Each structure stands twice: as C-alpha cells, then as structure tokens.
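Following: one structure in structure tokens, then a few remarks.
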Amino acid sequence: MSLSEQAILEQDKNIVSNIVQDILCEQISIEKTELNLDLYIYEDLKIDSLDLVEIIKQIEEKFDIKIDDSKILYMNTLEEFIDFTLQTIYMKHGFEYLQNKQF
C-alpha cells in the first residue's frame, strides 16, 4: 500500500469514526470526550439491543449501506465496529465514495 493510499485510508477511517461516534453519543447520551476506540461496545458503553438497532439504522442511512446484523455480535470494541463499517462502505460503494461525498 502506497503512502497516499495509507493516508486516504486513515482519512476515511477518521470520517467514519467521527460519524459513528456522533451517532453513538446521541443515542446513548454520552460525551464524545468519554469515547475511545478501545471501549467495549456492550460492557463499557452499555449498549443494549434496542440502542444497537437504532445506531445501525442511522449508520445505514448515513452511508447508504446495509450492515449484516449477524456479524455485529462478533464485534467487541468500538474500533472493530468502525473498521467493519468502513469495510462495508468500501464493499458497496468502492474506495472513492468517502472522498467524493460531503458529510
């Protein structure tokens, strides 16, 4: 992977991370400063199934994707969830999608 590809990947991850964190903060009433990527989704953030359904719905609408609910159960940390969301975006829209879209 070239340096420019790595930079674009980091930029894309930052875009997705910021949006996912904004959605989380709104849904579970937490301050963004309290979040870090190592937090466990269920244990640390205390996200229940109803919260998760709403969070996924908002992410799907924001990025025009469909998240495979069955795979969410295997994600532990916020970073794993963000990485999975980014992969799902790339699979549906390609690598240029986030660079060409205004969020």
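One-based numbering along the chain as shown.
Backbone N, Cα and C atoms are what each Cβ position is placed from, and that goes for glycine too.
Quantities reported herein were computed from a predicted structural model and do not represent experimental measurements.
Listed in Swiss-Prot for this protein:
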| type | residues | note |
| --- | --- | --- |
| DOMAIN | 14-89 | domain 'Carrier' |
| MOD_RES | Ser49 | O-(pantetheine 4'-phosphoryl)serine |
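Confidence annotation: the domain 'Carrier' (14-89) carries a mean pLDDT of 95 in the model. Applying an 8 A CB threshold to same-chain residues 6 or more apart, the list for Ser49 (O-(pantetheine 4'-phosphoryl)serine) is empty.
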